């Protein structure tokens with residue numbers, strides 16, 4: 001390649017990235033300027049080709065030079081980058097977890113292929129990333145068009161709890177636990193004893209579940225209900241809650257994952273539906289643990305003196 | 001490590017003054033290469049890949065005007081301050097003097113504390 005061909009190739013790569021109306025004019029000027037730089041550098045170089053190489057290296061990558069011809073286009077605000085990365089990573093972890101849970105629910109142990117399930121989750125992860133990029137790009141565009149007038153003060157995340165809300169939640173979870181332990185009695189209560197025998201059969205637990213997994217899950221559920229009752233009594237989250245709650249939640253998620261890996265109900269449709277609900281609860285719990293830990297660490301960082 | 005930080009911070013410092021240096025040299029008509037050489041001679045070298053696109057950007061912002069000239073030699077694109085550019089240069093120069101005065105005071109104060 002001759003020296004002039006190198007210059008033309010460089011100029012072509014730069015103007016390719018410019019708007020049509022600018023191309024010819026910039027190409028003409030840039031070619032002339034490179035020519036003058038080369039003539040100026042020729043005195044210190046052994047040949048013209050070497051001078052061209054040195055000058056073009058000094059100009060930098062064509063894409064970077066082209067970008068400097070216009071105001072930079074910001075797709076994602078730099079201030080959003082960390083949040084984008086956190087959501088991207090967290091979402092990807094939840095999608096992979098969901099794929100693994102789906103595989104555990106869909107197939108018996110002998111037919112499971114967890115690696116293939118993770119591979120099948122790849123398009124969903126890319127979809128999630130695309131959604132995030134689109135969301136943050138629209139947010140950046142909107143912010144540029146409608147700048148927020150002032151920052152609105154928000155209180156520091158608090159350890160205080162709403163006793164009424166927590167009591168209502170505790171009552172709901174106690175009722176749910178009782179319904180799980182005594183399905184026939186719950187069905188009788190809800191239907192006034194008018195349910196068909198098939199409905200009672202649908203909620204018959206698998207013997208293996210009742211022997212091992214059921215009691216362990218029940219024990220953990222009761223433990224977490226007792227902890228919730230303690231929090232209501234305290235009126236606020238204490239340091240020990242911040243240590244115990246995430247551990248218990250993660251332990252519960254692990255045990256529930258083990259639960260969905262085997263039969264829970266004798267009836268197929270009931271078994272599948274129940275497991276899908278449990279899988280959803282696992283994913284929500286994992287997201288909740290991450291959110292609470294982050295919130296607590298922010299509070300600790302602000303209050304540490 | 002520290003050397004890398006120094007290079008990066010020096011680049012940022014220089015980036016802040018590049019526009020002012022360019023505007024100050026374009027009170028009279030100059031073409032890109034001539035302008036770069038003039039800045040190098042004044043002790044303010046600016047990379048080719050930074051300076052030439054910057055001229056176009058300043059022109060698109062109405063700070064500079066340009067035209068092709070080449071009656072007595074090869075045709076070249078010449079740049080000069082527009083009326084708005086002259087006003088901008090005056091304001092940026094005042095800002096620059098204020099900043100250098102403040103920085104001199106700050107740095108002298110630090111030097112006095114150290115000794």
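Backbone N, Cα and C define each Cβ position, glycine as well.
Lifted from TrEMBL, the feature list:
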type     : residues  : note
TRANSMEM : A:84-105  : transmembrane segment
TRANSMEM : A:125-143 : transmembrane segment
TRANSMEM : A:164-185 : transmembrane segment
TRANSMEM : A:216-235 : transmembrane segment
TRANSMEM : A:247-265 : transmembrane segment
TRANSMEM : A:277-293 : transmembrane segment
Query raised in the report: Against which stretches of its own chain does the transmembrane segment (A:164-185) lie, if we need a Cβ under 8 Å and a gap of at least six residues from its ends?
Result: 200, 203, 205, 218, 221-222, 225, 228-229, 231-232
Query raised in the report: For the transmembrane segment (A:216-235), which stretch among A:84-105, A:125-143, A:247-265, A:277-293 has the most Cβ pairs under 8 A?
Result: A:247-265
Query raised in the report: Is the transmembrane segment (A:277-293) packed against any residues at least 6 beyond its ends, judged by a Cβ distance under 8 Å, and which are they?
Result: 90, 93-94, 97-98, 101-102, 105, 245-246, 249-250, 252-253, 256-257, 259-260
